[in-house]
Amino acid sequence: MATIVTERISRVFISLQQIRQVPQMLTEAAPSMPGTVRDTEVPYYFRERYVCTGYRPLNQNWRYYLLSMFQRHNETLNIWTHLLAFLVFLVKLRQLAETVDFVEDQHSWPLLILVLSSLIYSAFSVAAHLLGGKSELCHHCFFFLDYVGVAQYQYGSAVVHFYYAVDDGLHRNLQGIFMPAATVLSCLSCLGCCYGKYCNHSLPSWVRKVCQVVPSALAYIWDSSPVAIRLFSWSSSDPAIVYHFSQVAFFLSCAFFFTVPLLEGCFPGRCDFVGQSHQMFHVFLSCCTLCQIQASHLDYVSRRELYSHLHEAGDAALFVGLYVVTLVACALIVVFMLRKVKKCM
């Protein structure tokens, strides 16, 4: 017994020693890391409205951009908000896997798609904000990847809403149409975002926002229609209704902060590191996703008799197939847009 305790104490001691070495490693790396620069020292397509300082210099080695997640710059909080969200979603998946049979129960597959799509969009967002500042090509590459993450998350939202939250009337009217339309709208959202980023060279910033916001808004309206109908006929006995209300409120908040540079517009240059609207967008989107996962899980548990009656045996497998189609189509869109970017370089 004493030997086991001694071994565990020694392991803890070794772990603590390794943790203590992290600040030293960062300190040794810091002298080789350039400081941040002003907006006038980076190409205009890297600049964000009303953000004047905190830009990382271009064309550094990959080590610099990876270690920059511990550096103070105008993307630091954008990185950490979605990195923490990714870890929370990962913990949520582990918790769900303890009670939900994601392998044998096909009715659980839409819920799995939602959680996986949440992990993917948060991971792709971290990669874009962490590594997108290396060069023009990397900027487009990683942010196009970010838009793929957004598009496939839109599909994940659609599938859980249509599978678990839909009522009998809407399902009867849109059966066979809803999910294919959700796939098309997700791909259009990816295309619109990529095209807006591509046109950032020649068109005003508001045009980019229109290209990004309009397809995404159409996708959200369509994907959330089952939830909207559910909210209009809400019942206090519905265990998921509070989370559905919360996810809509959080989404409207993040949509506002995505389109309106509120604080940095009111205080130019004072929100370069903390207080940017995009940081608030990340926080509200993560909260929206967490409420959405919780609502979908509660619907999965409490509405099983209804959705088992509405959906045929092969519907879940079909929706998984459409998810794969969405991913492939978005990947092809990115390849197409990257070719256009390379021609302009």
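From the backbone N, Cα and C atoms, a Cβ is placed for every residue, glycine too.
Per TrEMBL, the features are as follows:
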- 77-97: transmembrane segment (TRANSMEM)
- 109-131: transmembrane segment (TRANSMEM)
- His129, His278, His282: Zn(2+) binding site (BINDING)
- 143-165: transmembrane segment (TRANSMEM)
- 177-198: transmembrane segment (TRANSMEM)
- 241-267: transmembrane segment (TRANSMEM)
- 316-338: transmembrane segment (TRANSMEM)
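Sequence features annotated in TrEMBL and their locations in the structure.
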residue	record	Cβ within 10 Å
His129	Zn(2+) binding site	25
His278	Zn(2+) binding site	19
His282	Zn(2+) binding site	25
Against which stretches of its own chain does the transmembrane segment (177-198) lie, if we need a Cβ under 8 Å and a gap of at least six residues from its ends?
140, 143-144, 147-148, 150-152, 154-155, 158-159, 162, 207-212, 214-216, 218-219, 222-223, 318-319, 322, 325-326, 329-330, 333-334, 337, 340-341
Take the mean position of the Cβ atoms of His129, His278, His282, the recorded Zn(2+) site. Which other residues of that chain put their Cβ within 8 Å of it?
Glu75, Leu77, Asn78, Ile79, Thr81, His82, Ser125, Gln276, Gln279, Phe281
Stretch among 77-97, 143-165, 241-267, 316-338 sharing the most Cβ pairs under 8 Å with the transmembrane segment (109-131):
143-165
Excluding the flanking five residues on each side, which residues at least 6 beyond the ends of the transmembrane segment (77-97) place their CB within less than 8 Å of a CB in that stretch?
69, 111, 115-116, 118-119, 122-123, 125-126, 129-130, 273-274, 276, 278-279, 282-283, 286, 289-290, 293, 297
